[in-house]
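Since the structure comes first, as structure tokens, the remarks are kept for the end.
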Amino acid sequence: MLLSRYIDDDLRECGCDEAGRGCLAGPVYAAAVILPADFSHPLLNDSKQLSEKQRYTLRPVIESEAIGWGIGIVSPQEIDEINILRASFLAMHRAIEQLPFRPERLLIDGNRFDPFEQIPHHCIVGGDARYRSIAAASILAKTYRDDSMLRLNKDFPMYGWERNKGYPSPAHKSAIRRFGVSPHHRLTFRGVVDADRPTTE
């Protein structure tokens, strides 16, 4: 299915989406993307509907053809301080701040958002499967976050982040019980806060 713009006009329409909200470890990432009005690509869809190979194929296309794009990151420590919902909004704000110019309309994937500098915004549940700019943002947020978890995995291979990317898989939760938490775990998250102490050999 070919995705569309939210409104067919001349306003600079910016799609925003986050990745990593439900993870036990690692930062939350967000992306903000402004696409040309005539942008189209047959593979473009919600990142969750694409294979890893398709996401990484699309990323350079989005980056090269977008009018502007930005990435925002919020650390696990910040997430623990302000909660994951506010952290997701903050990541989107930081992504928008990275854009080369101010958008005129924000499209937010989801049902809530903290307004940014009085720019009109529209919250759309499932927007990443309906609108091009949100789908593009979902792909950038997902791939950049996956890259960050692969880097973190080099120092903490026991948690299997190269496979689970920080999500609460059975193997990840088992590793937390066995090895304890890392500096990259979200200490206020269920599944981390109730983990057992490390086993002693």
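Each Cβ is built from the backbone N, Cα and C atoms, and glycine gets one as well.
Positions annotated as divalent metal cation binding site by Swiss-Prot, on the basis of sequence analysis: Asp17, Glu18, Asp109. If you look up Swiss-Prot, you'll see 11-201 marked as domain 'RNase H type-2', on the strength of sequence analysis.
Excluding the listed site residues Asp17, Glu18, Asp109, the same chain places Cys16, Ala19, Ala30, Ala31, Ser88, Met92, Ile108, Gly110, Gly127, Asp128, Ile134, Ala137, Ser138, Ala141 with Cβ atoms within 8 Å of the centre of the divalent metal cation site Cβ atoms. Within its own chain, Asp109 (divalent metal cation binding site) has Gly15, Cys16, Asp17, Glu18, Ile124, Val125, Gly126, Gly127, Asp128, Ile134, Ala137, Ser138 as residues 6 or more apart in sequence whose C-beta sits under 8 angstroms from its own.
Summary for the binding-site residues Asp17, Glu18: the Cβ-based neighbour count within 10 Å is maximal at Asp17.
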